[in-house]
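Annotated in TrEMBL:
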- 55-67: compositional bias 'Low complexity' (COMPBIAS)
- 68-78: compositional bias 'Polar residues' (COMPBIAS)
- 79-89: compositional bias 'Basic and acidic residues' (COMPBIAS)
- 102-132: compositional bias 'Basic and acidic residues' (COMPBIAS)
- 137-147: compositional bias 'Acidic residues' (COMPBIAS)
- 182-205: compositional bias 'Acidic residues' (COMPBIAS)
- 206-218: compositional bias 'Basic and acidic residues' (COMPBIAS)
- 45-223: region 'Disordered' (REGION)
- 218-250: repeat 'WD' (REPEAT)
- 319-351: repeat 'WD' (REPEAT)
- 380-400: repeat 'WD' (REPEAT)
- 415-449: repeat 'WD' (REPEAT)
Amino acid sequence: MNKKDKTKISFGKIGFGLSLNKGGTEAVDPEPTKCEETVNITEGGFGTFGKIIDSSDVPSSSSQTSSENVDGGTSSNEQGRKSKVAKDFDVEELVEKTIAQAKERHGDKYSSSDESEKSSEVKAKEQMEKLKIQNQDGEEAESEDEVIGPPLPPEMKNKSEEKEGSDDDEFIGPPMPSRSGEDDEESEEGIEEEDDEDDEEPEERPEEKVPQSHEVTLRHGTKAVSAMALDPSGARLITGGLEYEVKFWDFAGMNASLQSFRCVKPCESHPIKNVQYSTTGDMVLIISGNAQAKVLDRDGYEKLECVKGYQFISDMANTKGHISGLNDGCWHPKKKEEFLTCSDDGSLRLWLVDKPKEHHRIIKTRSKVGLRTAPTCCTFSRDGNIVACGCSDGSLQMWDHRKNFVNTLHLIRDAHMQGSETSRITFSYDDRGLATRGGDDTLKLWDIRQLKSPVHVAGELFNRFPMTDCGFSPDDRMVFTSISLKKGETDGKLLFFDRNTFEKLKEIRVSDSSVIRCLWHPKLNQVMVGCGNGDAKILYDPIKSHRGALLCMAKTQKKRKQVEVFTSQQVIAPHSLRMFRQERPRSTRKQLEKARLDPVKSKRPELPIGGQGILLPLFHLHFINPFPSLTTREE
């Protein structure tokens, strides 16, 4: 292409310039005139893009065209297309003219900066060259990339580039899939770096996780709270005491007055030793001093009662139920219809809710010499595969729930002092640790994989009650227990120990009486405590805790409606008739005096038949003195 062609773009009418003769042959006009050109423009079509055909290439003579028409119709068609000369427009001249006109109109703006004019001209030329190349190649540029209008100044251009860069950095939507293994490795490294940054932050110490900033007191009664349980969701609380009562508390239904919605005596005059919700939370197991365990529904109504065994049979396997008072009981963590009880008759019994008239399976506990020993506490492991109990001879005995209960799975004879009552046995959440609270004032931590000796021992923890609790924190990093008061002490405490070192991390004063029951709910993150003075206390933190006591404390107590009673004024009319006279209120003393004189109202006994000086018949005298002839000396 010539230089002249690069700077010019031609626009014109694409027309054939053909006309049909009467015979049907095509004829081409020799040379189109100006008027013919105008007529052709109105016929429709687009301008020509691409090569510009010079006028020298077009034949000028009419004789040549006529001869070609005679030779053939095809050549005449081609010549008709070439006969139309495209109009030439010089782009540089047009740009110069527009710039000159702009300077004349707005001379102040464009006279200030000559360099900006030159740069704009150069940019305009570059844009036009790009348009020419695109037209020659026949490629259409995308609408987003084309620049329409005059070029932007350099300052605005830099700002637009910065915005585009920021838009590229912002990524919305799911992450793009990795193209190769290298990208995966890079992403993993980035995640590890983020984790390392998070780990660098100071971790919260275990003792700081104990919720204790706030406290709520629930008044159960006047005697010790010997049993306490929360349902799995943490919506309701049950407390039982030594005054034979069981109270139900609903956190969502209570207000700041903290009143229970039901109080029952399920076992008549037997103290409550333990209560527990089932895994689904729809049933409650009640363990009392009676030989028969009871199951209540969620609202406190009796659902079933276990049968009592025949006490004159020596073999416990032949009896249908316990024959002595119960000590402890619990639900199976996986099977909602199965529960376990232990009694002073030396047996543990598994029951099914559908068959309360007879035990499902029985376990006999034996001492070192093979005699019967009484289990004082029992529990299941977290997965339900192990049944464990602590006996009155100080031993810990465990069986496999999936096998026959003939031989023990684990046996520790000297776990606690002989003759002391092991009050609680609890498995950790990972089922590797075991904590026992003994009547010998000790708290011991065991490892299930090695039970020959305890891992840690904490002593001098006074224990007065046979149901003193112990347990693990929800993260398994701490072990907590409660202590009883000795003579002269006034502080009931809750102690927290580190599981790894058994160092005492925290000591919380809860009450001025002994602390018996304690449990830490993992979902609510609240600590429930049962005290010896009849109070049940809830320790919580508004930031760390959830629901539970926060629900009832947020509700204000409703004000009682005051009822106004108006009494009618008494009209005193002494001279009115009796039927219209209003009776005055008289004192009860005169009424009692009148009732005393009335023999019917006073229920006076009948007077004797005989009066003074009347002789009785001889028949009555015979019964009074059967030997009338005998004197006192002869008698």
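Cβ atoms here come from the backbone N, Cα and C positions, even for glycine.
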TODO: Count, for each of 218-250, 319-351, 380-400, the Cβ pairs lying under 8 Å from the repeat 'WD' (415-449), and report the range with the highest count.
DONE: 380-400
Open item on the list: Are there residues at least six beyond either end of the compositional bias 'Basic and acidic residues' (206-218) with Cβ under 8 Å to its Cβ atoms? List them, or say none.
Closed with: 237, 239, 249, 258, 260, 473, 475, 477-478, 496, 498, 505-506, 508, 525-527, 535-542, 544-545, 549, 552-553
Task: Positions on the same chain near the repeat 'WD' (319-351), where near means CB under 8 A and six or more residues out - done: 270, 273-274, 276-280, 283, 285, 287-293, 295, 306-311, 313, 357-365, 372-384, 387, 389, 466-467
Task: Folded-back contacts onto the repeat 'WD' (380-400), same chain, C-beta under 8 angstroms, at least six residues removed - done: 330-335, 340, 342, 348, 363, 365, 367-368, 373-374, 408-422, 424-425, 427-431, 434, 436, 438, 440, 446, 451
Task: Counts of helix, strand and coil residues, the repeat 'WD' (319-351), according to DSSP - done: 0 helix, 17 strand, 16 coil
